[in-house]
Ligand SMILES: CCCCC/C=C\C/C=C\C/C=C\CCCCC(=O)SCCNC(=O)CCNC(=O)[C@H](O)C(C)(C)COP(=O)(O)OP(=O)(O)OC[C@H]1O[C@@H](n2cnc3c(N)ncnc32)[C@H](O)[C@@H]1OP(=O)(O)O
Ligand SMILES: Cc1cc2nc3c(=O)[nH]c(=O)nc-3n(C[C@H](O)[C@H](O)[C@H](O)COP(=O)(O)OP(=O)(O)OC[C@H]3O[C@@H](n4cnc5c(N)ncnc54)[C@H](O)[C@@H]3O)c2cc1C
């Protein structure tokens, strides 16, 4: 914190970059404090509450996290069981975990680190439940860090990753907090217990929307780091003879290696631009919301849900491809890739399980489709839903940006229409609304993925057509953008071809184009990963180090293994030697028999 002050870091983005550089592999135990706890106090507290608590949070005099998930509920927030019951006699809320399943479970850094939590609980006042609301709760003594009486707190145990984060459990036993510890920017409980409801009940979900937007950037960061490691290693690693009798080839010269990595390099650039676009949309709409204009709240929610799910799924699959493209050394922690994967793959679950998030977006698309069919105006990002589905592709050898965006628009519009028509058919068959929905959710997930894919392709193309970029750089970025789009079509050809949108010649053009682009990008591949400018300290990879001294680094890394601290390990004396002695004794016995 002081170091950031010394360095003059004022913007939250710079501070976040510094924090990640300071704790690049083991996520910071203060990440949720800075990334979720403090921003939520700012956005969900009244001006008075913000003035009181935000400075304490920013100066780490108060260290907090976001405690919402319970043993029995993570996705279904309306099903959360923790209660906060208002006591007008004492002007307090009484927090309680009435059941085993209501125990808070998973909140990051709650086990040992934080002294406060933002707790999501069902608000009761005057005998009535008003749904989930956020409450600031002190959980540890500010003098000696002991757990406050009335609370049971502990760590949930080892996880796949997130080793630097002490995810914990927390149980309330009639735990009292002051009335003014309810975050009251949008909803209020007055001294007499009267409840003042918010303009929209989902405003209390605002923190999650914010983190989902952050996570889109995390998907870029993690995929691009894995791509840097894999591409640099592929330039250094020589294996097998490409030319019979010739020297062993750089593995990056194998077309299959290029087909694994270059689309992921293109995806990294696409996701960076998508994350920036998402952040700009979030900044605009969230400031509208703070001014009381909730008109675009549904669009923000739908986009944040969809991109968070789409980008984390694609990033995690891509990081695994990067790991496997490094052969055996990719499987070692020396490569740095397993840790990248282990820390980001949780993002497919946390902050909204991806399938559930995609379905939120699908629900929005379904409503917009109906509005479009009625001829109502649609937000710009959704207007493609009224695309004429009888039109065929005009794609030519050049695979122009226009023809590519048109293809993605057509695919998404067609798939949303298919899912909506199935939902409508289900209703016409007499299904109840919720059954008609549930029985069309698989096509809706596919359609929503196509919707997100379109956003990312269109965003990439728009930025290339609007930004002033020097011709040489523009040319290389255009190759990446075309590769991202063409590869996406080739890999999902069925969805683009189902209604004959492309003819056979166009399919052949696309298959040729994706291979030609691999050759175009090969000369710039290393420069394109170097451009991310990740320092070795942050990558923590023997394979992806800037100087390419891979084998020297691996050898030093291996020698530093704790197992090498002694030549003969204690297990020899404790197990191996006794076993061998027993074997030899039994052999002597059998020889005598
Ligand atoms: C350790 C390092 C940290 C670094 C920190 C830095 C940056 C952060 C980066 C990474 C994160 C790091 C660590 C991980 C932290 C993880 C923290 C957590 O996981 S916190 C818990 C997260 N939990 C969830 O996300 C729960 C998911 N569930 C939900 O959001 C909701 O249950 C729901 C799925 C949205 C359903 O809600 P509900 O049942 O109330 O609503 P519906 O009936 O489905 O819809 C009704 C209506 O409301 C609209 N809507 C729903 N949500 C929103 C919203 N948020 N905003 C706007 N509108 C919303 C919905 O669209 C419907 O509208 P309509 O169709 O018009 O009726
Ligand atoms: C690394 C990590 C860190 C976390 N940090 C925090 C934290 O700091 N604070 C916090 O409060 N929580 C935290 N969580 C909890 C996290 O937010 C929840 O796990 C997440 O919201 C998913 O909810 P769940 O576990 O109930 O999954 P579930 O919803 O039970 O998922 C199980 C399956 O049910 C399916 N499913 C559920 N509902 C539907 C539906 N309506 N339609 C179709 N399918 C459905 C899902 O798709 C999934 O396949 C963290 C979790 C992880 C893994």
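Just so it is clear, glycine is given a Cβ too, placed from its N, Cα and C backbone atoms.
Any TrEMBL annotation is an automated prediction that lacks curation.
Now, the feature entries from TrEMBL:
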ACT_SITE  351  active site, proton acceptor
BINDING   69, 108  FAD binding site
DOMAIN    21-63  domain 'Acyl-coenzyme A oxidase N-terminal'
DOMAIN    205-365  domain 'Acyl-CoA oxidase C-alpha1'
DOMAIN    401-581  domain 'Acyl-CoA oxidase C-terminal'
Chain-internal residues, separated by at least six, CB under 8 A from the residue listed as 'active site, proton acceptor': 208, 211, 212, 215, 308
Structural state census, the domain 'Acyl-coenzyme A oxidase N-terminal' (21-63) (DSSP three-state): 28 helix, 0 strand, 15 coil
Structural state of residue 69 (FAD binding site), classified by DSSP into three states: coil
Residue 69 (FAD binding site): tally of other CB atoms within 10 A of its CB: 18
Count of other CB atoms lying within 10 Å of the CB belonging to residue 108 (FAD binding site): 25
